[in-house]
Amino acid sequence: ISSMNSSSTQRCPLAKGLVSIAALVNSAEETPQPVSTHIKGTIPSWINGSFLRNGPGKFEFGKDNHWFDGMAMMHRFYVKDGDVTYNSSFLRSDSYTKNSEKDRIVVSEFGTIAMPDPCKNIFARFFSRFKLPQATDNASVNFVKYKGDYFVSTETNYMRRVDPDSLETKEKVDWTQYVAVNSATAHPHYGRDGATYNMGNSYGKSGFFYNIVRVPPQETEGDGAKEDVADLYGAKVICSIPASEPRRPSYFHSFVMSENYIVFIEQPIKLDMLKAMLYQVQGKSFNKIMTWDPKCDTIFHLVNRHTGECSAVRYRGEPMFTLHQINAYEEGGCLVMDMCCGDDGAVIGDFTLENLRRGGEELDKFYNSMCRNLPRRYVIPLTVDEDTPMDQNLVNLSLCTATAKKTGPGEVYLTYEELFNDELLQYGGLEFPQINYAENNGRPYRYVYACGFGHVFSDSLLKMDVRTKELKAWRHHGLFPSEPVFVPAPNATEEDDGVVMSVIINPKEDKSTFLLVLDAKTFTELGRAEVPVNIPYGTHGQS
């Protein structure tokens, strides 16, 4: 099945009478010392370790506007011998400290511009608008690892190293001190050799570039203890991809990686650099310079991740929006890419606190206007040259309906396969995808675990078989799950041998959050650990 006439939003059911989610975006108190949880059912005794989550947790700084702008709050569930404890901490970023002191946004965030100090005189306030905004270190998106160390990250050039047990905030790490990039994503990929890959921007007189960065594995130091400092030494840019439009580069949140290739997806969410300078003067925030431009094709830049060589072939597809890839692998001379996609990239700027705290018909109206993301499969033929025939489908994989056709010298046009059946539409689409990453990242796979979005925030957990497109679901009215994380069982012999864990929030009841543990194979509940504190809705994390 190729491109459909109706959008993903139009194909999903309209909502009516949605439950209020205002409680999911209220500030929470931190829990610095681990507290016990109440276990219902059984938490498998073989699960031992930390389940870490990140996300916005404090919103009361002046005119906080956007959900993304809440101060980062880190959460840790420690599981051992069938018991679970919970602790949390605000990230002590410079942004958090300065905002706390001034009781307003001092460092600009995604949807909230830092306004001049009201105590300054009118001339100082006027000229301060012409300074470039300082990047925030409010790392509220994800937990990531480099050379064995844990960091929390966002989408600027700053990360914060953290202690994964105590959640203590350690030093601020500036990517620009190690490699020539001005930002980095919060979704790196991990190679089997221990190296970590990421992407960042750079811009200057020669234009705007998307850069692929490789951080080498941790060096073995023999019997010596590892020094307690951040270590990104050895990081280098392995490929720089010039933006198709230097003054209007594309926004990106993640990228595709298989065993031998990286694909950067240049999508029609554009950042207007000239408008950015103007908006700084006008006091408008970063999200206002992002525009969805459906006149632009999606461009897939194919890079050999071992040599850094970028393919001379330009792979294109119709306009689409994507935040998260599911998996990618090579088969039959092709690169198969599965990702969550939508037909309207304007959605990111809509997650204002005002919208999220709506009630009644206003909340229904907001949800029904949103784009739904659905899983799609694109396939890139890896050997395209001057002898490749024109206008013939170059994808010859069995049971795959995605196509790739050479349309001109060095040009290939891709159409996708819908990686689902109509049952998924009843769950509002699929996002926050996770797989058995340790075993199947970059390799052929069968199962994806994700959230269904029958509400503004996810209201179901899903398991999908990408071969048969069959679904299993966990859904209870009024409960809101976080991104699921797969944990393999000891000595697992099958891809779905293990458990899926997710943090579940009930906005109708005080202190009713729990850690849910599902059997990954059957997708039935094994147990839950009820937490005696309130937890706000989060973003990403890892086990």
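Any Cβ shown, glycine's included, is placed from N, Cα and C.
Per TrEMBL, the features are:
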- HIS187, HIS253, HIS324, HIS540: Fe cation binding site (BINDING)
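Annotated features, which come from TrEMBL, shown on the structure.
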residue: HIS187; record: Fe cation binding site; Cβ within 10 Å: 20
residue: HIS253; record: Fe cation binding site; Cβ within 10 Å: 18
residue: HIS324; record: Fe cation binding site; Cβ within 10 Å: 19
residue: HIS540; record: Fe cation binding site; Cβ within 10 Å: 23
Around the Fe cation site (HIS187, HIS253, HIS324, HIS540), what further same-chain residues have their C-beta within 8 angstroms of the site's C-beta centre?
VAL141, ASN142, THR185, ALA186, SER254, LEU323
